[in-house]
Amino acid sequence: MKELPTLQELPSSLPSPSLFPSRRQSRKSVNVENINKHRKSNNSSNSSTNMTHNALEKLGLFVIFLCLCSISVNHLILLEESESVHHVLHVSNSSNRNKRQELTVPANDLQQRNHFRDVPSQQPLSTSTLSSTTTLMGTHRSFGNNIYTCTYGNTTVTVPTHTPTFIMIGVQKSGTTALLTYFREHPQILETKKKFTREAHFFDTSWNSLIKKAKAMGLTQATEKNCYILETYMYLFQTEQVLEQRRRRQGNDDLPSLFTFEKTPSYFANPMIAQRIQQIVPWSKVILILRNPTDRLYSQYKMTIKDVFDLRKYSLEDMVHHELYAMKYQYNMTTAPLLLGEEETLAEYRDDNNTLQSIPTFTPQNVPFNHPIPPHQWTPPHKSLGKYTDHGPLGHHILLRRGLYSIQLQWWLKHFTIDDNMLVIDYSDLTSNTQEVYERILRFCNIPVVTQNQELQKVRADERKDHRPLSNTTRHYLQQFYAPYNAQLEALLGHHWNAQKLGW
Ligand SMILES: Nc1ncnc2c1ncn2[C@@H]1O[C@H](COP(=O)(O)OS(=O)(=O)O)[C@@H](OP(=O)(O)O)[C@H]1O
């Protein structure tokens, strides 16, 4: 049996974040395909000129209908808590700091600002009424008085420092959607405004375009860039507008504070996110739910073959093999040694020049598991490799690597402290005692505990398990694969995370 690597030997980073893109991308392309198919079938079914005219008319109407739908859906998002205009509070001109101003912004305008890929490059909305009390520019650590103020260009941004109160960072397939729906029911909690996509993806998908925008605006100082990004992030929440709405509606100035959150389960598997969150909203707490990595993988596999048509033909074993292969030969990674100590080599697949020839299909039992590179070199040798997705049918839908919790947790522990600003939850607790976990999160975030009227139900349970069940052999294989990492996780989290006790 091989010895486990010590913690010092653990790799400090995984491939760059582009290895972990959001699955929204694939969904989007599926939708576009569907629309195109729809258009094609409309065209081909019309042969005569009249019919073509009719079809074109219909197509035109359909396109107009689609546009109207999209406009009204966007309006719905924006109008949900407010009327046709948004009153942006805590916003005033910097030359007029002491005067509380209410800017009226057309919903369309604000909607555009809400869309991070189209973050406006013109001068933004904000400057503050409260900036004279605390200007913490440059320190970014001190955020007393529940207010944080920063400036960029002529703009001063003021935000309440409990926005967002918490961020659910993962892991993917750990019941985060269920929790999101429970929190939605809480009278003092607002989630992000991007309700239709459910996941904000602010610190991963939107990040690079924001940096570009900041650069285009001439913001060179890191503190200014951060301030601009913070302001953009705040458009997701709009707590103050909602409170103001309620105040006006209820004629009551003494309303309880509102708490906000977002969930993006892919954050945990991205080495950049912890630092970005600390940079922009250091007051936010993060919630992490850990699920048995083998069950997590299987759950993701079911989701992947449901969402991505092209991948349906592949078995879980196919995908695991392709990922292992890419890890080893594309990224030059190695995994922790198998506890079984059953090392195999790829020598038999190499020609005289030591070039790798085509590899036969591996079953879980014979996937090559030689580990010529010591674990501390597990990182890909060059950062730019992260640009490339895995070869094979897997594309960017990585399954295995997301289950390497010990590696990922170490990135987060550089910026967060468990039980202080990071709460780690065992998924099996969520399953067996949902109410208790729900309340634990509220207490951790200092949010008043409101008991739900109804029992907290499972959400979006995928009933297609039986369609392609996880075989015992594959389960066993995966357990072996994850065992060293789970042992490292235990070392990081304490013995209550003993993999054996957890049944991992
Ligand atoms: N209340 C509750 N308790 C425990 N587990 C629950 C709960 N509700 C849903 N689920 C299961 O969570 C899995 C989906 O997780 P996520 O919502 O985090 O998925 S996602 O990352 O947002 O795609 C998915 O797991 P699988 O069924 O194994 O695929 C859901 O069934």
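Note: Cβ is positioned from N, Cα and C throughout, glycine not excepted.
Heads up, TrEMBL stuff is auto-annotated, nobody curated it.
These come from TrEMBL:
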COMPBIAS  1-22  compositional bias 'Low complexity'
REGION    1-49  region 'Disordered'
ACT_SITE  Lys173  active site, for sulfotransferase activity
BINDING   Arg291, Ser299  3'-phosphoadenylyl sulfate binding site
DOMAIN    403-459  domain 'Sulfotransferase'
Averaged over the domain 'Sulfotransferase' (403-459), what pLDDT does the predicted model reach?
90
Helix, strand and coil totals (DSSP H, G, I; E, B; other) for the domain 'Sulfotransferase' (403-459):
27 helix, 6 strand, 24 coil
In whole Å, note down how far the CA of Ser299 (3'-phosphoadenylyl sulfate binding site) lies from the CA of Lys173 (active site, for sulfotransferase activity).
6
Among Lys173, Arg291, Ser299, please name the recorded positions whose Cβ is nearer than 6 Å to ligand 1.
Lys173, Ser299
Work through the recorded positions one by one (Lys173, Arg291, Ser299) and point out the residue whose CB has the fewest other CB atoms within 10 angstroms.
Ser299
For Arg291 (3'-phosphoadenylyl sulfate binding site), name the DSSP secondary structure in the helix/strand/coil scheme.
coil
